[in-house]
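Sequence annotations record features per position, and here TrEMBL assigns domain 'Major facilitator superfamily (MFS) profile' to 62-503. According to TrEMBL, the feature transmembrane segment maps to 61-89, 109-127, 139-158, 204-221, 316-338, 350-371, 380-403, 409-431, 452-469, 481-499.
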């Protein structure tokens, strides 16, 4: 009996036509989505700084709010640095130095108090990556702010150095979340032209924290009772709750939402960041999808991925830029008042100089916005580091010429200049580099592990810095400039060979340049076609 195959052939033809139509529709959608992505990226490249601010005013505002979280770490770091020079604090918790007859905090406790918060922050940055990857930047930061409110109670009521050590350790854990999340969030919510000033605000708020501390401790440095250190501790409560309310009202990072596949929410977030008349949320999200798909993976991000393939180089850049902050004289700024005292300046004048240093740092950070935006990250970082190394060596020479009033003034002046110029070049440029270098998918983990390296290096450096400055330790004074100048020179050489210039590059272009393994010194001259999707 003959078998009629006409029906089967007809069904097969219809199925093939349906599949061809579906493939055509899919290709058309992909083509349309890529065209929107290219349009959005071109728009960001062609946008000037002022135009970007007008197009995305709320992005600038929410980056400002998130950056405020850095005030709290800065405040407490400088607070402890000032406490070791505060007469009421040293009289309550210190010992008498037989050589001078004055009260001083023992070297071991001086170091321990300054390192305790960093130990807590080290724990916090490891918590920040997985926590943020799971629940987002907003809720991770709010969690840290509410925890900090409780930990401040322990610090305020502490009546011994060991309890203060524990309180600082606990406070440090939320700091770790803030310092890991803030640069990543700020770099993700603003357009390309605003990435530098948005992330450099972190350094500005670090300076603001030190200004507040400087003003408060300068006011209380002549007070003989416990209010001299209790009131500065209590002032920490001014920040967490108002910031938590503001961050609750902020939009989540659209890049994080795209990574999670929540595209409608991402469109809404972009719409809240920019003006409808000047921005196209759909095209912007298409650009984000295009970049995220370059890094496409079905797996949840994990710390092992940071050390595989091209991501290892990116992670190393972030880690090295972070740790270099501790190896180029930054600790002189953190202990500015104590440094000035050990250089032979009176206590009252030392506190005044500390306040002046903080105010100048704030001004110079704002000047750095212009330099980094128009000159570039690598250029500013290298030249700033080179000048910093030169000044540190000069500081060591000034301390080696013998004890005199002129030598003391020279050391104090150079210490102030080093602390201030650090915030014009290497410090603010570091925040931009950290925010731009990591891949989108691994960004929360990369910024966390980078900051962990910062603390791992800072902890022994704090002990070393305290030993070098303390009269019961090395008593080197300004001669510590030789040590920091040497380590700074090593960091400068490494940056020259391995730090690329990312100014004016979209995240897609940065991904491609890393995947092509373009040498760091050739990034500036390498062209990337707008259609490349490798």
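Positions of Cβ are set from backbone N, Cα and C atoms, glycine also.
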Task: Region pair the transmembrane segment (380-403) / the transmembrane segment (481-499), three or more CB pairs under 8 Å - done: yes
Task: Tertiary contacts of the transmembrane segment (204-221), as residues 6+ beyond its ends and Cβ separation under 8 Å - done: 67-68, 70-75, 77-79, 82-83, 86-88, 227-229, 231-232, 235, 333, 337, 347-348, 351-352, 354-355, 357-359, 361-362, 365-366, 423, 427-428
Open item on the list: Need one number: mean pLDDT over the domain 'Major facilitator superfamily (MFS) profile' (62-503).
Closed with: 82
Open item on the list: Is it the case that the transmembrane segment (139-158) and the transmembrane segment (61-89) touch, counting contact as three or more CB pairs under 8 Å in which the residues of each pair are 6 or more positions apart?
Closed with: yes
